[in-house]
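Enquirer: Please read through the structure below; I'll follow up with questions.
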Amino acid sequence: MEDETSARTDTEAEQARAVTRVALDGSASAMPVGPRRGALAVITLAAVLWHSLVAMYPYSGEGLPPMYGDFEAQRHWMELTVNLPPRMWYVESELNDLKYWGLDYPPLSAYMARLFASFAPPESVALVTSRGFESEVFRAWMRNSVIVADLLVWFPAVALFASTYATRRTAAERDETALFAVLVAMPCLVLIDHAHFQYNAVGLGLFVLSVALLLRDSLVPDALGCFAFCLALNFKQMNLYYALAVAFYLLGKASQRLRASGLAHAFTYLLILAGAVFVTFASVWWPWLGTWDDVRAVLLRVFPLHRGVYEDKVANAWCSLGLFYRPLRRVTPWACLCATLLASAPFCLSVLTKPDRRTFVLACAGVSLSFFLFSYQVHEKHVLLPLTAVTMLCSDAPWLSVWMNAVAMLSVFPLLDREGSSLAYVGSQLLNVCVHLFFFRGIDDSMPPSKSTSSSSSSSAAAAAGHRWRAVAVTCHIVACHAAYEFVRRLPCLIKRWPDLPTYVVTVSSFLHLCAMYVVLLRLLPRLPHAQRRYSSSAGTAEYSITEPQPLKLG
C-alpha cells in the first residue's frame, strides 16, 4: 500500500514538473480543451433569459424630457452617425448640438452605432426630429440590440478566455465552465447594460478577448491580442484602466526574450506588437487623420477633462474623502495621475518581473482598481473594469469574486434606485452568491492540497470558517448600509439640509470595501505561482517548466 501511494505521488510530482513545449505559431494541440458544448449552451440560454428579464425594468431617463438619459444618448448617436459624415460626429454644428448628448466615445463606438442605425426603424433615427423618440417597438429593438451585441462579442470572448485560463489540471473542465458561467452572469454588468442601458459588454468583451489571446504565449496570438486590446480602447476610453497592466506584461515577456535570445529577437517582438497597435489605431481613426484639428476635436470629446474629477457620486477616493475634506473635490489631473501611478506600481512591477497568466490577470485587477480609486474623471459605472478583472480570477479565489461583485452592485445602487430597478438589484445580489456557490461547491474549494491529510482537513476547515465569517461580515455591512440609506432618506430634516446624504452613505461604504479589496490584491501578489519560461530561438519554441498551479489563499 505504501509502495502504491509512493508511486502515485512520484507520478504526480513528475507530471507537475513536466516540460511543455508550445510552438510560437500557437499549436492547437497545446491549447486547453474548453467547456463542454452542452454546458456552455445551457449557461448561454440561461444568461440570455436573465438579461431579458432585467431588460423589462425601466431604462435610464425613460419618459423624462428634455434630456432623458443614456437610452436616448445611444439612440441619438445612432441618429448622428447614420445622417452625418464622420468628420461632423464630434464637432458642434447646426445639426449636431454637442450639449444634447454629444458623442463622447471613441470612433469604434460610433461605428457600432452607425451599424445598428442601419437596421433601426427610420423614424427612430431621423435627424433632429427623432429626439426623445420612445415607442414600445423601438424599446424592444434597442433592448434586443444589447443582447445581440453580447452574443456576438461578450459571450465568445468569455468562452475563449475560460478555455485558455486553466487553473487546476484535476478540475480543468469544471473551472472553465464555472468561469464562463460567473462572467456571463456578472450581475452588475447585466444591470447597467440591460436595465440602465449601455453597451459596456462589447468593450469589456474585447478586453477579455485580448487577455485570452495574450495568454497563449506565442507571437501571432500576442499580436492579435494587441489588436483586440486596441479595439477595446477605441470602443470605450475607460479600458485605458487596463493599459498599464497590458503594457508591463508585454514588456516582461519581451525582457524574457531579451535574456534568452538576445536584443534582435526582443526588438523584433516589440516591433511586431507596435505595428499591430499602429495599424489598428490608423484604421479606426482614418476619417479624422487628415488634419490635426479633426483629431483634436475627437480627443477633446473623448477626454472631457473640463467635467471635473468625477461625475455624480462615485465610490473613489476624491468623492468619498472629499465629503470630509472639501479641497479633495478639486484635485488636479496631475495629482490624480501621480496617485494612480503610485497605487498601480506594485502590480506593474510584479507582472514585469513575473509575466505569467495569474500575475497578469491580477495586475489587470489591481491596476484598474487603482485607476478607479484615484484617477481623474471617474464615472460610477467604471467600477465594471476592476469588477471584470477580479471576476476573471474567480476559479482561483471565488470568495474574492463574490465580494467584488457584491460591492460593485452596492456602489451603483443609488443609480439603480433612482431608475426603479431596486427589485432587480436585490435579485442580482442573491444571484451573485448562488452562482458562485453552485459552480464552486463552497468557497473553501480553492484551497490547495496538503501533504498531510489531517493538516489538509484542518486547514480547509479553518479556511471555510474564515470565509464564512467574511461572508457574514460583508453581508451584515451591506444590509446595514441599505438600512442607513433608507433611514436617512426618510428624515426630511436631514434631506433638506444634505440632499445627497443617502447616496454618500452608500458611496463611502463602497469606497471602504474597495480599499480593503486593494489591500487584499496587494497581499496576493507574492503568493501567485508561476511558470519558468525559457525561450529557444533556434527551435522557434517556448519552453515552460510547469509546476502544479496552487489556488490563491485569502486566509
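The backbone N, Cα and C atoms fix where each Cβ goes, glycine too.
Automated prediction, rather than curation, is the source of TrEMBL annotations.
Per TrEMBL, the feature transmembrane segment maps to 39-59, 146-166, 178-199, 219-251, 263-286, 331-352, 359-378, 398-416, 423-443, 504-525.
Give me the local environment of each listed feature.
Expert: Long-range Cβ contacts of the transmembrane segment (39-59) within its own chain (Cβ-Cβ under 8 Å, at least 6 residues beyond either end) map to 69-71, 139, 143, 146-147, 150-151, 155, 159, 177, 180-181, 184-185, 190-191, 193-197, 419-421, 423-424, 428, 431.
Long-range Cβ contacts of the transmembrane segment (331-352) within its own chain (Cβ-Cβ under 8 Å, at least 6 residues beyond either end) map to 244-245, 248-249, 251-252, 255, 305, 309, 317-318, 359-360, 362-363, 366-367, 370-371, 373-376, 518, 521-522, 525.
Under 8 Å from some Cβ of the transmembrane segment (359-378) lie the Cβ atoms of residues 165, 211, 214-215, 240-242, 244-246, 248-249, 303-305, 307-311, 314, 316-319, 331, 333, 336-337, 339-340, 343-344, 346-348, 350-351, 385-386, 388-390, 392-393, 511, 514-515, 517-518, 521-522, 524-525, 528, 530, all in the same chain and six or more residues away from its ends.
Only residues 6 or more beyond the boundaries of the transmembrane segment (398-416), in the same chain, are considered here, and those with a CB under 8 A from a CB of the stretch are 182, 186-188, 191-192, 195-196, 312-315, 380-381, 383-384, 386-387, 390-391, 422, 424-425, 428-429, 432-433, 436, 440, 443, 445-446, 467, 470-471, 474, 478, 481-482, 485, 502-503, 506-507, 509-510, 513-514, 517, 520, 552, 554.
Residues 50, 54, 57, 174, 177-178, 181-182, 185, 187-188, 190-191, 195, 394-395, 398-399, 401-402, 405-406, 409, 413, 416-417, 464, 467-468, 471, 478 of the same chain, all 6+ positions outside the transmembrane segment (423-443), place their C-beta atoms under 8 angstroms from a C-beta of that stretch.
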Enquirer: By Cβ distance under 8 Å, which residues at least 6 away from the ends of the transmembrane segment (263-286) in the same chain are close to it?
Expert: 106-108, 111, 219, 222-224, 226-227, 230-231, 234, 250, 253-255, 257, 295, 298, 535, 537
Enquirer: Below 8 angstroms Cβ to Cβ, which residues of this chain, lying six or more residues outside the transmembrane segment (146-166), approach it?
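Expert: Result: 31-35, 40, 44, 47-48, 51-52, 55, 112, 172, 175-177, 179-180, 183-184, 193-194, 197-199, 201-202, 204-206, 208-209, 211-213, 215-216, 357, 361, 392, 395.
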